[in-house]
Amino acid sequence: MDQDYERRLLRQINHQNVPEGHPSKSGYAACSPVTVKSGDRFIPTRAGSNWSINFHCANENCWSPNQNQRAKDASTDTGKDAVAYAALLRNELLGAGIETVPDPHTDDRRNTLVTQDTHSLFRYTIHTKRVPFDNEISPYSLSPLSNKSHKLLRSPRKPARKISKIPFKVLDAPELQDDFYLNLVDWSAGNLLSVGLGACVYLWSACTSQVTRLCDLSVDGDSVTSVCWNERGSLVAVGTHKGFVQIWDAAGGRKLTSLEGHSARVGALAWNGEQLSSGSRDRVILQRDVRTPPPVERRLQGHRQEVCGLKWSPDHQHLASGGNDNKLLVWNSSSLLPVQQYSDHLAAVKAIAWSPHQHGLLASGGGTADRCLRFWNTLTGQALQSTDTGSQVCNLAWSKHANELVSTHGYSQNQILVWKYPSLTQVAKLTGHSYRVLYLAVSPDGEAIVTGAGDETLRFWNVFSKTRCTKESKSVLNLFTRIR
């Protein structure tokens, strides 16, 4: 090798190994300014480039559907161990520098798994910086892992959420109808469960387990098609097959009034203060004030088939209705026409739930031909996101304390699913009913749910925690979260 060429090559290598701002023994190097060596703008430098690692790091942001599904299924201890192992491999093989175990349920999981430095496939600048000492392996360490990996293994891990797959109580419910369009179970603020069984309404106390019969409609040749408690838990509304709506005093066990107006069965009821909305097979929604005489009513006509779902928003301003015509309508408290109409579902819309955490967020579920959960921003009228559940969606309910919701399903899996929003991660899957899980109610403390099915059983599950969500909306622009 030519001696002059070898001397120039050694001088270039020594100059690359000198840290920035470090004085050199050579007088020429000490006098010359620190410059950044750049290659050609179109030809990447080959020095210090490992293109296979750079290619892997550059594609970490692009998650495939299979990777997304694996992240959604990482709710068990085994899944979290797999995430920690993957982060450890990235540290040791790719130099990712991950110090904490990423949570697969968080929305920013894509950002956590990516390396801290931005990697590109090609490099056009010769980096002369030395690696910081905390990334180096101590010469006295007996472990083959780097310091970053040690920090990763020592980082605190969030305890796994444990949801029992077995109901903590099962009650027999003879004559509980297997009808998708009925709503026969509701849980009051006073911890009383009302259940419509055939022609009777029974009350079950969650405190004493005492069962009392509230009413019997067989003397009139009628049957129960829906039950609904008011917000205080003192009155229960009972919809009947003949189109009547009866108001009962639960404590006194007496009927206060019987409202007429519907020409067919009343399958959906919803209270809004002292006002009661009822939806019927006659396609009409009647809204009445129980404090005034029966003739005072508002008739809301917008569905072309049976109304099977009704829910008032938490701010008492909007009513959501679902029908067998595959439509989801939103009404305000003053207009006789719907202010919004959503037609994306391909089957009957019975499952409706307003979010108590985000103003204007509405969730809905479709029947057998649709099987989808859909979320809507009723403030802007936009569809947010949807997911295919794989089976008929019968009911929806949000957690009172966390940004989660539970859905019950019919054909063909008869399951209960707990979802985390907005990632739509399945937190738990509960099975046990042998028929469609048509009925759902949440306990007043927001921790337990009760489900009913055509197998004539009521099952109680502990699915929600009492820990309040830390990501609740605290915006000052939300006029419904504070007075001033």
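For all residues, glycine too, the Cβ spot is worked out from N, Cα and C.
Copied from TrEMBL, the annotated features are:
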type   : residues : note
DOMAIN : 171-461  : domain 'CDC20/Fizzy WD40'
REPEAT : 217-258  : repeat 'WD'
REPEAT : 300-332  : repeat 'WD'
REPEAT : 430-463  : repeat 'WD'
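Each residue in the repeat 'WD' (300-332) gets a DSSP state, and the totals come to 0 helix, 19 strand, 14 coil. For the repeat 'WD' (430-463), the DSSP-based tally of helix, strand and coil residues reads 0 helix, 19 strand, 15 coil.
Averaged across the repeat 'WD' (430-463), pLDDT in this predicted model comes to 94.
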